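Listed in TrEMBL:
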type	residues	note
SIGNAL	B:1-23	signal peptide
DOMAIN	B:28-131	domain 'Cytochrome c'
BINDING	B:C42, B:C45, B:H46	heme c 1 binding site
DOMAIN	B:173-281	domain 'Cytochrome c'
BINDING	B:C188, B:C191, B:H192	heme c 2 binding site
DOMAIN	B:300-390	domain 'Cytochrome c'
BINDING	B:C313, B:C316, B:H317	heme c 3 binding site
Amino acid sequence: MARKLPSIDVALVGFGWTAAMLAQEFTDAGLNVLALERGVWRDTPTDFAPTFIQDELRYYFRHELFQEASRETLTFRNNGGETALPMRHLGSFLPATGVGGAGIHWNGQTWRFLPTDFVAKSHNEQRYGKLAEGMTVQDWGVTYDELEPYYDRFEYLCGISGKAGNLNGTKQPGGNPFEGPRKRDFPNPPMDMTYAPMLFAKAAQETGHAPFPCPSANMSRAYTNPLGVQLGPCTYCGFCEKYACGNYSKASPQTTILPVLMRKPNFELRTQCEVLKVNLDNTGKKATGITYVDAQGEEWEQPADLVILCAFALHNVRLMLLSGLGQPYDPETNTGVVGRNYAYQITSAVDVFFDDKLTNTFIGAGSLGMGIDEYNGDNFDHTGLGFIGGGYIALWTTNGRPIETHPVPEGTPKWGSKWKKAVVDNYLKQCSISTHGAVMSHRGNYLDLDPFYRDVHGRPLVRMTFDFTDNEHRMSDYLTDRAAEIARAMQPREIKVSRRKGSYSIVPYQTTHNTGGAIMGDDPKTSAVNRYLQSWQAHNVFVMGACAFPQNPGYNPTGTVGALTYWAADAIRNQYLKSPGPLVQA
Amino acid sequence: MRSATPFLIAGLLVATSAGLVFADGDHAQIERGRYLVSAGDCYACHTADPSKPFAGGRPLQTPFGAIYSANITPDRQTGIGAWSDDDFYRAMHEGVSANGERLYPAFPYPYYTHVTRGDVLAIRAYLQTLEPIANAPPRNKLPFPLSERAVMRPWNWMFFDDGAFHPDPSKSASWNRGAYLVEGLGHCGACHTPKNVLGADMDDKALAGGTIENWFAPNLGADLRTGLGGWSEADVIDYLKTGRNSHDSATGPMSEVIQYSTSQLNDEDLHAVAAYLKDLPGEAGRVPSSASGQQTSSSGLSGSGEAIFLDQCSTCHRSNGEGTPTVFPPLKGNANVQQADATTVIRVILQGARTTPTDARPTPFSMPAFDWKLSDAQIAAVATYVRTAWGNVAESVSADDVGKLRRTLHAKAE
Amino acid sequence: MEKIALSRRQILAGGAAAAVVATERPASAHSIKGEVPWAPSQADAPHAIDPGGYIFFTPQEAALIEAAVARLIPADDLGPGAKELGVPTFLDRQLAGEYGRAERWYMLGPWRQGSDNQGYQSRLTPAQLYRYAIKQLDAHVSSIKDGRRFANLATEDQDALLSDLEAGKVDLGGVSGKAFFDLLLQNTIEGFFADPIYGGNRNMEAWRMIGFPGARYDYRDFVAKHGERFPLPPVGLQGRPAWSSKG
C-alpha cells in the first residue's frame with residue numbers, strides 16, 4: 001500500500017530534455033516542482049569524463065547508459081497476425097535511463113520540420129488526392145509559424161551550430177533553402193567540416209543540389225545560453241551518439257539547464273523513483289497525482305496539482321495505458337486514441353570507398369556533416385512516384401569507432417583474411433552517405449499493452465506492432481538512388497548501397513526516433529492530446545515528447561520535441577495557470 | 001549601553017516573529033550587517049550543516065589540529081544570544097569570548113580587529129535576526145598545551161596588534177576601502193599569507209601565498225608569473241564576482257569565498273578590493289631559482305608529461321595550453337600552476353576540481369579525477385609539464401610529492 | 001469552470017545552502033536539491049580485467065575458441081589475428097561477467113521461437129550458449145571427423161565448418177549454429193577492437209593496424225588537415241608507452 005506524501009504543485013514524470021525545460025519554466029513561474037526519475041544521477045566530470053567515456057565496448061555494446069531491458073523492455077511483432085515477443089536486449093533503438101535521458105547520448109542533429117510537415121494530411125490530399133488505403137496521416141493542430149518562436153528558443157538554449165537558409169522569407173546562400181522561414185540565424189556558426197562532408201558537398205553541388213552544413217548541437221565554439229549556462233567547444237572526438245559528452249560541448253539537460261535549475265529552492269529531483277501510474281479522481285477527468293516506487297521497492301503516492309509525462313515516447317504511452325488515461329486504440333475498429341499512429345524512421349546508407357583519399361572519419365562529431373534537402377517532405381513533386389513524404393540525405397562523420405564502424409566493399413566475406421584485409425585497406429579511406437526518411441502513420445502500426453510479458457514490477461510491457469509499408473520502401477528506395485548518384489559523383493573507387501529491405505527488424509540499430517502513440521490533434525476522437533499537449537481526458541495532465549507526432553517526418557525529432565515543449569509550457573504558464581481547465585474545448 | 005541591549009534583542013525577536021517592519025534605522029543597520037556578514041564570509045566557517053546556517057560546528061583543520069567553529073545564532077545557551085554588544089565587539093576586536101576565554105585565531109580576529117565598531121555592531125544586529133539554533137559545537141581537537149586557551153595570551157602578545165584600520169591619506173578612498181575590506185573582514189591573508197611555525201602571519205610576506213588544508217592559496221602580489229601582475233583590475237573583479245575570468249577559474253577553498261562572500265559584494269567594493277590588490281608589491285626573491293627563464297627539465301619526465309597532456313588534458317586545456325577562458329582555464333601563464341608550492345596543481349590532477357558556480361556563471365565546469373588512472377610518476381610528469389611548458393616556469397614535481405599528497409588526501413577521506 | 005488550487009509559494013530569496021541531502025520523507029529516495037552535486041575523486045571508472053589464465057573456459061573449450069577466433073580473424077602478413085591479440089581472454093572474461101550472465105537482458109518467459117526480426121529468443125544466457133554450443137560443435141566434429149575435435153582439424157576444414165555454421169547448415173543440439181556463429185563473430189570483433197583493458201587488442205595492435213588513434217578526445221588541431229595522415233599513435237584508456245617513458 002502506497003504511503004501518501006505532501007502535495008506538490010507539479011510532478012514531472014522522467015527527467016530528460018522535456019522535464020528539465022519545463023522545470024525551468026515552472027520554477028520561474030513560482031511553482032514548486034518535483035521531478036521523478038527512474039534512473040540515477042549522472043553528470044559530466046564523474047560519469048562521462050574524457051578519462052573513460054570513450055569506451056566503445058562498455059557504452060555502446062554493453063549499453064551502460066541505456067535502459068536495462070532486464071527491468072523494462074517491450075514486445076514486438078511486425079503485424080497483428082504474429083505473437084509479439086520481448087526485445088530481450090536493445091537493438092534497433094536505444095531508450096535511456098537516468099538523469100538527462102537520451103538527451104545525454106544523442107548525436108545532436110537538431111532540425112526543424114518543414115511547414116508542410118505540420119499539415120501533412122491536408123497538404124498532400126490537396127496536391128495528390130486521397131491518401132493511400134490504411135494511411136492514417138493527420139494534421140498536427142499546430143503550424144510551423146506558431147512553433148517558430150519555440151524552435152528558436154530551443155536552438156538558443158542548445159547553442160545550435162548552423163547556417164540559416166531562410167531568414168524571414170529571404171533565401172540565404174549556403175543554408176538549407178527548403179527550411180521554413182526563421183526569424184534569426186543560428187546562435188553559433190557551422191562546425192568546422194572534415195574532409196568527407198566537403199567531398200559530398202562538392203558532388204551534391206555538381207549534381208544540381210544545394211548542400212548545407214547540418215544543424216548541430218555540438219558546439220562550434222564556446223557558448224553561453226540565455227539562461228547563463230556555458231558550454232565548451234566541441235573537440236571532434238567522435239564519441240557522441242551512444243556516449244555522453246566528456247567536455248560539456250554537446251547540448252544536454254546537464255549542459256544547458258541543470259546548472260541553473262538545480263540551484264533553485266523550489267525544485268527537487270528524486271532519482272531511482274519509477275512512476276507506476278497516474279492517479280485519477282473518481283470522475284477520471286482529473287489527475288490527483290502519481291504513484292511511484294523507490295529504489296527500495298517502497299511505493300509512495302505523490303499528490304500533485306499538475307502531472308506532466310516527460311518520459312520517452314514509448315514510456316509515456318505505456319504509462320497512459322496503465323493509468324487508464326485515454327481510450328486505448330483498437331486497430332480493428334480504428335477507434336480509440338492511446339497507442340494510435342506509432343511510427344519510426346526509415347534509413348539507408350551508401351558507403352563510399354576511395355583509393356586515394358584519407359577521410360579519417362574517426363575525427364567526428366554527432367552532428368558534423370553536410371546535407372541536402374531536395375527530397376524531404378514535399379520539397380519535390382511526388383506525382384507518379386507512389387509515395388508521399390521524403391527525407392534528407394547527408395554525409396555525417398560521426399565516428400570511426402572500429403567495433404561499430406569498419407565498412408567493407410560489396411562482396412567482402414564477413415570474416416577471415418579477406419575481411420581483415422578489406423577492413424585494413426578501407427578503414428581510413430571510406431565514408432558513408434545516409435538517407436533519413438519519414439515514416440507515415442498506418443492503421444496497423446500501433447502500441448498497446450502486451451497480454452503476456454511483464455516488467456520487474458509485474459506491470460504489462462508495452463507491445464509494438466509495426467512494419468514499414470509500401471510508402472516507406474518506395475520513398476526510401478528513391479532517396480537511396482539519389483544518394484547513390486551523389487556517391488558516384490564523388491568519384492570513389494566503388495560504392496556499396498545498403499537499402500532498407502523487407503519487414504522492419506528490431507535487431508540492427510537504426511535510430512531512436514520512436515514516435516506517436518499519444519498524438520496531438522484537433523479531434524479528441526483521433527488524438528490523445530490537444531494542440532497544447534494537454535490530455536483530452538484529464539485537463540491537468542500534459543504529455544510531452546515525440547509520442548505527440550501524428551506521423552514522423554524525414555528529420556530527427558529532438559528539435560521539434562523541444563519546440564513543442566516550450567509551446568506547451570507557454571500555454572500552461574500563460575493560459576492554464578490563470579484558468580485551469582481544458583485549453584481547447586472538445 | 002549594556003543595559004539597553006536586552007531591549008534591543010527583545011525588540012528584534014518580537015519584530016522577527018511577528019513579521020513587523022523594522023524601524024528604518026534598524027532595518028538599514030541590519031541590511032548593512034547582512035552585507036558585512038557576506039563580506040566576512042562568516043557563513044562558510046560557521047555552518048557545518050546547510051540546514052543549520054551559522055550554527056557552527058564546522059571543523060577547521062589547522063596544522064595544530066581541528067578547531068570547531070562557534071554557533072553565532074542568537075540561541076542563548078549554545079549561541080551568542082546572551083552576549084552583549086560589548087562582548088561581541090571584544091570578540092571581534094581582541095579575540096576574547098564573552099566568558100573571558102581566549103579564542104584561537106582560526107577565528108580571524110587578527111583581521112577583524114580592523115573592523116570599525118559601527119560595522120561590528122551592524123553585523124551583530126544582523127546575526128540577532130537569525131533563527132536561534134541550539135547546537136553546541138564539538139570540543140576542539142588540539143594537543144596540549146594548545147588545548148589550553150591561556151596559551152593564546154603570549155601568542156597575542158607576540159603576533160597580535162589590536163587596533164582600528166588607519167587609512168592611508170596618500171591613497172584614494174577606493175584603495176582605502178579595498179584595504180579595509182581585504183585586511184579586515186575579508187581576512188584574505190588568513191589563507192594567502194604564509195604562516196610562521198606558530199601559525200601567525202609572516203607580515204613581511206603578506207598575501208604572498210600560503211598553504212592551507214592541503215591547498216596552496218596563491219600569491220596575490222604583483223608578480224607576473226605567480227601573482228596578479230598579469231591581471232587587470234577588471235580581471236580581479238570578474239574573478240571575485242563570477243568565479244572565473246580570462247586567466248583562471250576558482251576552485252577549492254576559494255569556491256566558498258566567492259560563493260558566499262565576494263560574489264555578493266557590490267561593484268563599488270569589488271572595485272575597491274581590486275584597486276588595493278593590484279597595488280600590492282611583488283615578491284622578488286620568492287620565485288624559484290629557475291625563474292631566470294630556464295625551463296626545468298632535469299627530472300627527465302617532461303617527455304611522458306607531454307604525451308599525457310596531449311592525450312588527455314588537451315581535451316579541455318588545448319594542446320597549446322590556452323584553454324577556453326571562463327570555460328576551461330588556460331594553463332599557459334596560469335599563476336596557480338606556477339606557484340612555488342605545487343600542492344594545488346597536484347591535488348587538482350589527483351582529485352579533479354570544480355569551478356565554483358555563481359549566479360553570473362552558474363555552470364560548475366569540473367575537471368575529472370585522475371587518481372584512479374595515473375600513477376604518482378605520471379602525475380608528477382604531467383604536473384611538471386604544465387609548470388614548464390609554453391613559457392611557464394616553476395620547479396618540477398616529484399613522484400614523492402604526489403605520493404605524499406595522495407596518501408594524505410586518501411587518509412583524510414577515510 | 002472548475003478551479004484547482006495551484007499554490008504559488010514565494011520563492012525564498014537568498015542563498016539556501018547547497019547540498020545533496022536525503023530528505024526525511026521518503027527516507028529511501030535520493031533527493032537532489034540546491035546545486036549540481038560534485039565531490040572530489042569521484043569517477044565511474046572502468047574495470048580492467050584481471051590478467052592470467054582462463055576463468056570461464058575449460059581447457060577443451062578454450063582450445064576450440066582459440067582455434068575458431070584464429071580463423072575468424074587470422075594472423076597474416078597484415079599483422080596478428082584475434083588469437084594473438086588476446087580475444088580468447090576477452091571472451092573468457094566477458095562470459096564470466098555481467099554480459100555472460102545476461103544481466104541487462106530481459107530473461108523472463110514465456111519462451112517462444114520468433115521471427116528473425118524479433119531477435120534473440122533463446123532462454124540461454126551468452127555464457128550458457130557458448131558452453132552448450134562448444135560442446136555440441138565438438139561432438140558434431142567428432143561424429144563427422146573420426147573422433148577429432150575442432151581444434152585439431154586442418155585450417156581448411158575449420159573454415160569449412162565455420163562457413164557451414166554461418167550458412168545455418170549445422171544444428172547444435174537444438175541451438176541454431178548460425179545464432180552461435182553470429183554471436184561468436186560479433187564478440188570476436190568486439191574483443192579485437194575494444195580497449196585493451198578488456199583483454200583483447202593487445203598493445204592496441206588492432207587499432208594500429210587500421211589507423212584508429214584510440215581513446216583520444218581532441219582532434220581540433222587536425223580537423224582542417226583534410227586528407228593528411230594523423231600523426232599520433234593510438235592511446236588506450238590506460239595510456240600508451242610514452243606515458244611512462246623517460247625524457
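Every residue, even glycine, has its Cβ placed from backbone N, Cα and C.
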Cα-to-Cα gap, B:C42 (heme c 1 binding site) vs B:H317 (heme c 3 binding site), nearest whole Å: 34
Segment-level pLDDT (mean, integer) for the domain 'Cytochrome c' (B:300-390): 95
Cα distance (Å, whole number) from B:H46 (heme c 1 binding site) to B:C313 (heme c 3 binding site): 37
Interface-adjacent binding-site residues, chosen from B:C42, B:C45, B:H46, B:C191, B:H192, B:C313 when a CB lies under 8 A of chain A: none
Sorted by sequence, non-B:C313, B:C316, B:H317 residues with Cβ within 8 Å of centre, heme c 3: B:F309, B:Q312, B:S314, B:T315, B:R318, B:G323, B:F328, B:L331, B:M367
Cα separation, B:C191 (heme c 2 binding site) to B:C45 (heme c 1 binding site) (Å, whole number): 13
Nearest-integer angstrom distance between the alpha carbons (Cα) of B:H192 (heme c 2 binding site) and B:C316 (heme c 3 binding site): 28
Check: same-chain CB within 8 A of heme c 1 site center, minus B:C42, B:C45, B:H46: B:G40, B:D41, B:Y43, B:A44, B:T47, B:F54, B:G56, B:R58, B:S69, B:I72
Residue among the binding-site residues B:C42, B:C45 whose Cβ has the most other Cβ atoms within 10 Å: B:C45
Top Cα neighbour of B:C191 (heme c 2 binding site) in the set of binding-site residues B:H46, B:C316, B:H317: B:H46
Integer Å distance between the CA atoms belonging to B:H46 (heme c 1 binding site) and B:C316 (heme c 3 binding site): 36
